[in-house]
C-alpha cells in the first residue's frame, strides 16, 4: 500500500501555492522591537549640530596695544637717560651754592603781641659751573626763631657769570611786627631769658639758567641756612653770630624745568 504525500500549503485559487514572505537582513529573522536605525533609516548620517562661529575678541588687540605702549615708554626712558648722561658729561651742572658770611644783631625786643629786631646780613653766592650762567630775581628773606618770624628783608636780583662768586649784603629787620594769634612764643621767651637765640634764615627767589643759547624758564628755589646761634645785645654794640659751621641748602620748589630756545 503506497504512502500518500500531503502538500505543505493550501492550494491557491489559481492552483498555485502561496509564496513565503521575503526575509530581511539576509535571511535572518527580524528582531522586535525595532531599533533606532530601523525606525529612522540607518543609512542616514546622524545629526550633528554645527558649532557657533567664533567671535573675534578684542582682548588680543588690547594686549598688543599694551605691549607696544610699554615698549615705547621704556624706549623713551632709555633715550631720556642717555640724553641726561650726555648733558651731565658735557656741562657738569652744579646747583647754586650759598653760604652765610656774617650775621650781626643790633636790636631785639619781644612782647606778647609784637617783635622788634635789626640784623645785618651778608651772604655769599657761588656759581661753580663752567658753562652755565644764573640770573636771579629779587630775593625775599626772613629770619625765624622756632616758628616765629622775627625779621624780613630783601636783596636785589642780579646775574651771576660762570665761575663767579658774589657777596650780597642787606638789613633784615622788624619794627613792632604783630605776632599772629595762636603762635607759640614760649621757646622764644626762654631764649630771651638765656640771652641767646637759635636762628634759621630762609630766602626765596626765582633763577633762570643760560647754557649757550638755551635758557630755562624761571625756577623758584628756596635757600635755608639753619643752626645759627647769636647772643642778644645788652647795649648799643651789636653781637656777631658764629657762622663757620652754618650750612645752607638750596632746593627747587618746582621739579620740572621747561627749556626754551
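Keep in mind that glycine also has a Cβ here, set from the backbone N, Cα and C atoms.
If you look up TrEMBL, you'll see 1-31 (among others) marked as region 'Disordered'.
Feature annotation from TrEMBL assigns compositional bias 'Low complexity' to 19-30.
The region 'Disordered' annotation in TrEMBL covers 38-57 (among others).
According to TrEMBL, the transmembrane segment annotation covers 64-91. Sequence-distant contacts of the transmembrane segment (64-91), counting only residues of its own chain at least 6 positions beyond either end whose CB sits under 8 Å from a CB of the stretch, comprise 129-132, 211.
The predicted model assigns the domain 'Late embryogenesis abundant protein LEA-2 subgroup' (122-225) a mean pLDDT of 92. As annotated by TrEMBL, domain 'Late embryogenesis abundant protein LEA-2 subgroup' applies to 122-225.
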Reported in the order helix, strand, coil, what are the DSSP residue counts of the domain 'Late embryogenesis abundant protein LEA-2 subgroup' (122-225)? 9 helix, 69 strand, 26 coil
